[in-house]
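Per TrEMBL, the features are:
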- Cys983: active site, glycyl thioester intermediate (ACT_SITE)
- 686-1015: domain 'HECT' (DOMAIN)
- 3-60: repeat 'RCC1' (REPEAT)
- 61-113: repeat 'RCC1' (REPEAT)
- 114-164: repeat 'RCC1' (REPEAT)
- 165-209: repeat 'RCC1' (REPEAT)
- 210-261: repeat 'RCC1' (REPEAT)
- 262-314: repeat 'RCC1' (REPEAT)
- 314-363: repeat 'RCC1' (REPEAT)
Amino acid sequence: MRRELLGCGLSEDGQLGLGSRSAACVKLPEQIVGAPLNAVGTAVTSVACGEKHTILLAEDGKMWSVGGNEDGQLGRGGRGPGSFTIYPVSFSGGVKMLQVAAGRSHSLAVAEDGRLFAWGSNEHGQLAMPRHISWQETPKRVGELTEVVQVACGPLHCIALLESGAVAVWGEQSDGAILHSPQIVTQLIGVPVVRVVAGGRHCVAISAGGGVYVWGHNEYGQLGTGDTLPRPTPFFLEGMSAMHIIEAYCGDSHTLLLSQEGRLFAFGSNAHGQIGGGKKFDKHTNPAAVTELMGSTVTRVACGRNHSVVVIGGRLYPFGQNANGQLGNGSALNQLIPRQTEELDHVVAVFAGFDQTFILRSIGAPALTAGPNCPLKVPLSLCKANVLDLLSRHEKLDLIGLLESVFSSISCINGSFLYEDERRFLSEGRVFGVDLDDVMETFGALGESSDARQYADLIIDTCQMSVFGDFDPSAMCSVESLRVYLVLVWVQPFVTNVTRDVVARLHLPFAESISKLRPHFRNALEKWWVVLPVRHFNRLATAMLTAVRCLVRDKVNPSECRAFLDILASLCAINKVTNKIPLENFYVHELADNYNLKMDYVNWARAQEGREASATCWSNYPFLMNAAAKGELLYVEAVMSMQTSMNGARLTLFGFDLFVEQPFFELTVRRQHIVQDTINGLLSIDRRYLQRPLRVQFMSEEAEDAGGVKKEFFMILFQKLLQSDYGMFVEDPDSHLVWFSGFDVEEVNYYKMVGILCGLAVYNCVLVAFPFPLALYKMLLDQQPVLEDLTELSPVEGRSLQELLDYQGDDFEDVFCLNFTISYAAFGSTETLDLKPGGADIAVTQSNKADYVQRYVHHRLCVGRNGEVGRQAAAFRDGFKMVLNSRIVAFFQPRELMELVIGNENYDWSELRKIVQYKGEYHANHPTILAFWEAFFELNVDERKKFLQFLMGSTRLPVGGMSSLQMYIQPTAPEVLPVAHTCFNLLDLPNIADSKELLRRLRVSIQHTQGFTLV
């Protein structure tokens, strides 16, 4: 492999290193014979060009210089006459240099250990040295900067990238200010910058995710912002996010961007053709692909003051100003479009300065991909392989040092665990670029190590300053700074051994940081939450819930949880749409044990009505309450409403209560005509009575309704109403669930009556057998049904539609032969209706099948033939809300509301034994009680459910489950059968200790569960 360095362009001060006999303008590339050599040719790896001087960096890390030296920019000691001969820079620091850069008359170099050295002119502060130092003749360390990884120079200003990801600037700034000491660009704190570049009076930074940040002068559109307004602080070029940008190059007033795929974008001045647009114009304000290079893969790029050079396939393509021969094509004419220089091949790197170009050739080198002209260091970051390697080799000190460095910088955190392929780029709003599985596995490994606690404490302590101290979320300029909110939650202390102290030091600052985000960035973060895989979504929710539960156990004021609660509210809203995790995961079961939720609800209701100042209440976040807690609130509200309604019927006179109206809603029905009597009773009743306690009397029966009679009333009533005789509802033969018939029923008000009855059952705390699918409860909560709801009701229809969605074959239309219609069968005939205008003429295809299924489900469950299902469902909903027009109903999820109406079958028979209370001489260890439980557990499951029906009037359990029941057993005469008082869930148990005899009598009793007599 043979390597050579060539140069062309302006050489009147010797800056090309061609010797004193060279022409002032070199129009064809000439070999730089005086450059340092090795066994294969030139040893030069990098070249930095000033206006009149050049710095060469050799592979051994030594620096060489040539050209003008009026300000000591050659770094050889002294200033004055320049040199046409390449000589070493005077430097005895004993450290290897990794990068060199040059301005108009100053030079910079980055050492392997992160030190920065400067020499030359300091007239404009470009050496970051005090004002009284106007020039520096040899390299001198810039003491204010350490751990520098990159540096770039404009004519009079400089920019550096630090190992921490911070970006520092000094020298003459775009506003004319002169900085003699480096200043951190605070707007880029949090951005994982990997490249910094300086132009004439503008700067560009490129992030690990391909983000482009620009600031400075913009009179020629060199910032690519779409206008010519200057930007004093970094401006994010959002339009370039999807372009996979990896490199930037700046001329005096133009800018080039290179993508990972080798596409070149240009903007700024094209007065000399330097952006390759083909026509001269002063300004181009928007980034645009260089048309002449489209279809080619650009691998290397360099910018001079007003010219540009690119490499494609090892060949040189220059364009722009050429007055001094800097394009190397033998001419002095400007070139408006990129054009290949025929004589040059095997080019592996190009370097350009003011009016010079240097070309590095390497014959036999492997093919290039798009990238920098010389190796450049980047800030620290974490990756799974590195951390696991250090753990496996037990390099504890190195690992601690790495963790401390990375977590001390939010920029480094945001640059960690990025995908190595194109997935790391910000290609669209829902791509965040982080391999969260790597994050999960890395922190999992740290958490399992013997030093887990030390690592965790170290991370928390360092985050105190970086993430929660130095970083201002409200000043964020890019979505890339949001990655920290995805990464940090996998740190073990977020969910393990969480104490009040950990919450104060980790969880709370984390949540408050999110709360300070501006709306644009909060929305962007929530878009990321939407697409999070389940395991990562659940981790975030668990982290926030863990903090809330810790604070709840300490009975803190809800306002202290506000930051967590707002995040959880967003997560819950997302989860309702995406169904990532069970809604029950959001329950904080400890709430009911530590707070008076009833009073909390009262305060919340008053605030809603404007009667009290708004405060943070748990009732603002009902998704945290389990179904039992919500049911309790609904019960309390019902009792309050009943009491209010009863008080309205009472008149107090001379200290005595006189009821001017019946304080109860009393309903007398005949058992054989229960439906008609009930409907007649509802039609004739004043609506106010619906808010009063219901009392039912079966005509010609002696029992007084203390609760048990109305339980049986609802059970029999709904059995009758749902029969096909009435034609109101239809039962699916497979699921045995029912839905609105859609038939033209004479009186739609009957559906309103059924809704009222359903509401009355809930209002009076009676579970009813109401075999409707979940879709009904979604309707009551104003939610739209989905395919799964139709599948629950009608498995055959649902499976057919699912098969349609799953089918991916090209012969879709031939296989299914469907159009946008739906058919209804009624009374022996079939009616076909359009699902959209002209639906009969619109075929269902692969591209529109999802729309077809959505419309089908909606029409089937919400509209029906001639809109009848919609009218019937609306009447039912109106009736239900006449009774239960409560704010608390909106707290419920559809399944919770379903369980509130019909209960559940989550039987825990051992729990039943625990909750029973004993009266009289009975106690848990009484011989009769021991015999009873022995007999009870001999019953099979169906018999135990019959026992519940016998005792409570229902086989189903309230929303709180078995533990929410109240059940009592009291002694009775030894010779009788067990008797149930369903009004009170009270069992009269004969006082005998023979378990076999008790089992026989139980089986006899549980066969008789209907009818009432006074006992």
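Heads up, the Cβ atoms here are built off N, Cα and C, so glycines get one too.
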| remark: Quick tally over 114-164, 165-209, 210-261 of CB pairs under 8 Å to the repeat 'RCC1' (3-60) gives the top stretch as 114-164
| task | Pop the mean pLDDT for the repeat 'RCC1' (262-314) in here, whole number is fine. | result | 95
| Same-chain residues near the repeat 'RCC1' (165-209), Cβ under 8 Å, at least 6 residues beyond its ends | 103, 122, 124-126, 128-131, 142, 144-145, 150-159, 215-218, 222-223, 230, 232-234, 245-255, 303, 305, 372, 376, 378-381, 409-412, 414-415, 418, 424-426, 433, 470-472, 475-478, 480-481, 483-484
| Secondary structure content, the repeat 'RCC1' (114-164) (per DSSP, counts of residues) | 0 helix, 25 strand, 26 coil
